[in-house]
Ligand code: HEM
């Protein structure tokens with residue numbers, strides 16, 4: 001928030017009314033719920049009854065889900081603005097909400113919310129799979145690990161498949177609402193021509209060429225169920241209205257999809273082994289699952305990079321350019337300094353987080369000699 005208002009003053013003024021209502025809703029509905037239950041979830045295991053602990057866990061889950069609703073709504077409004085009018089001019093212009101529900105249900109918010117929620121379910125499911133694959137390899141907590149692994153595998157398989165469906169729906173929306181972003185995601189330059197679908201490739205922006213492995217007309221088919229249907233290309237837009245980092249958008253987008261496909265392949269193959277009663281005897285698959293935790297984390301990051309870099313040069317799509325949105329009074333040196341400070345602080349928090357999580361995993365869910373918790377009966 002401080003970063004918004006200090007480094008992005010013009011932007012903060014412009015979106016203040018929109019963000020104000022969405023983020024106030026986040027504070028009221030989500031933060032309250034999360035913070036009320038988080039303490040019980042973290043410190044209550046031996047202090048409250050099991051059902052109170054379960055209710056707290058569900059409370060934290062719902063709080064995080066609501067939190068995602070409002071932050072994704074605020075972000076989606078910038079990508080596909082709706083339910084507003086502009087007041088004032090030039091650097092003093094700002095958007096004012098005229099229809100709250102049109103603002104909330106702007107053209108991209110539902111698709112993006114579903115995709116982001118599912119991305120977080122995948123991150124959670126693969127963390128559980130990874131930890132329990134590690135215990136199973138080490139022969140620790142075997143019974144509880146088998147049960148936890150099976151539950152997480154069902155969640156991971158279901159959401160890996162539905163992430164493909166929701167990603168396709170998101171791409172359909174991008175084709176309509178942000179055609180320059182879709183063209184950058186597939187490196188499609190021609191003004192209006194059938195577009196290919198690349199499995200992998202490299203974009204040469206100067207030569208306006210993509211070298212790689214492709215399905216000819218694949219993007220046209222996905223968008224219009226016709227391999228020859230024309231797709232609006234980057235050359236339809238004035239140069240100053242196109243994303244500048246086309247190859248980066250292309251790469252991030254394709255890494256996300258490649259990981260999505262890997263998650264589908266991995267979870268379906270593991271389900272097949274489970275069906276053949278060979279899942280826990282197949283050591284190499286447990287090895288892969290031990291390290292698979294990183295995959296949805298990367299997909300979530302690169303998905304955001306593709307979405308955010310693909311909408312450039314706009315910070316509010318079609319209205320406010322990123323280059324006009326920053327604070328005129330803040331110098332480049334001050335920005336670099338604050339970025340370094342943020343990077344250092346987040347890097348320290350990240351190291352601390354990894355250290356704590358690793359310690360918890362090594363310790364395990366309970367003392368192995370303990371007879372207090374009988375997980376066989378679960
Ligand atoms: C399986 C194939 C997938 C397809 C076709 C797909 C498609 C897309 C598209 C088109 C966007 C841009 C949406 C926009 O700019 O409005 C996007 C963004 C994103 N993707 Fe994916 N995706 C896939 C897999 C995944 C996976 C596996 C994850 C994470 C585990 C993921 C996480 C994200 C995130 C966090 C964003 C940014 C939020 C958003 O804009 O919706 N995606 N994806």
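A Cβ is built for glycine as well, from the same backbone N, Cα and C atoms used for every other residue.
Unlike curated entries, TrEMBL annotations are predicted automatically.
Here TrEMBL flags 18-44 (among others) as transmembrane segment.
Look at TrEMBL and you will find 51-73 (among others) tagged as transmembrane segment. Among residues of the same chain six or more beyond the transmembrane segment (51-73), those with a C-beta under 8 A of the stretch's C-beta atoms are 22-23, 25-26, 29-38, 40-41, 44-45, 103-104, 106, 109, 112-113, 116-117, 120.
Tertiary proximity for the transmembrane segment (117-136) is limited to same-chain residues at least six positions away from its ends with a CB under 8 Å from its CB atoms, namely 64-65, 68, 142, 145-146, 148-149, 151-153, 155-156, 159-160, 162-163, 166, 263, 280, 286-287, 289-293, 295-297, 299-300, 303, 361, 364. Taken from TrEMBL, the feature transmembrane segment covers 117-136 (among others).
The feature transmembrane segment is assigned by TrEMBL to 148-165 (among others).
The annotation transmembrane segment is assigned in TrEMBL to 252-272 (among others). Long-range contacts of the transmembrane segment (252-272) within its own chain (CB-CB distance under 8 A, at least 6 residues past either end) are made by residues 122, 126, 153, 156-157, 160-161, 163-164, 167, 185-186, 198-201, 279, 285, 288-289, 292, 295-296, 298-299, 302-303, 305-306, 309-310.
The transmembrane segment annotation in TrEMBL covers 284-307 (among others).
As annotated by TrEMBL, transmembrane segment applies to 335-357 (among others).
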Chain residues in Cβ proximity to the transmembrane segment (284-307) (below 8 Å; excluding those fewer than six residues from its ends, i.e. six or more beyond): 79, 112, 115, 119-120, 122-123, 126-127, 129-130, 133-134, 136-137, 149, 181, 185, 248-249, 252-253, 255-256, 259-260, 262-263, 266, 269-270, 273
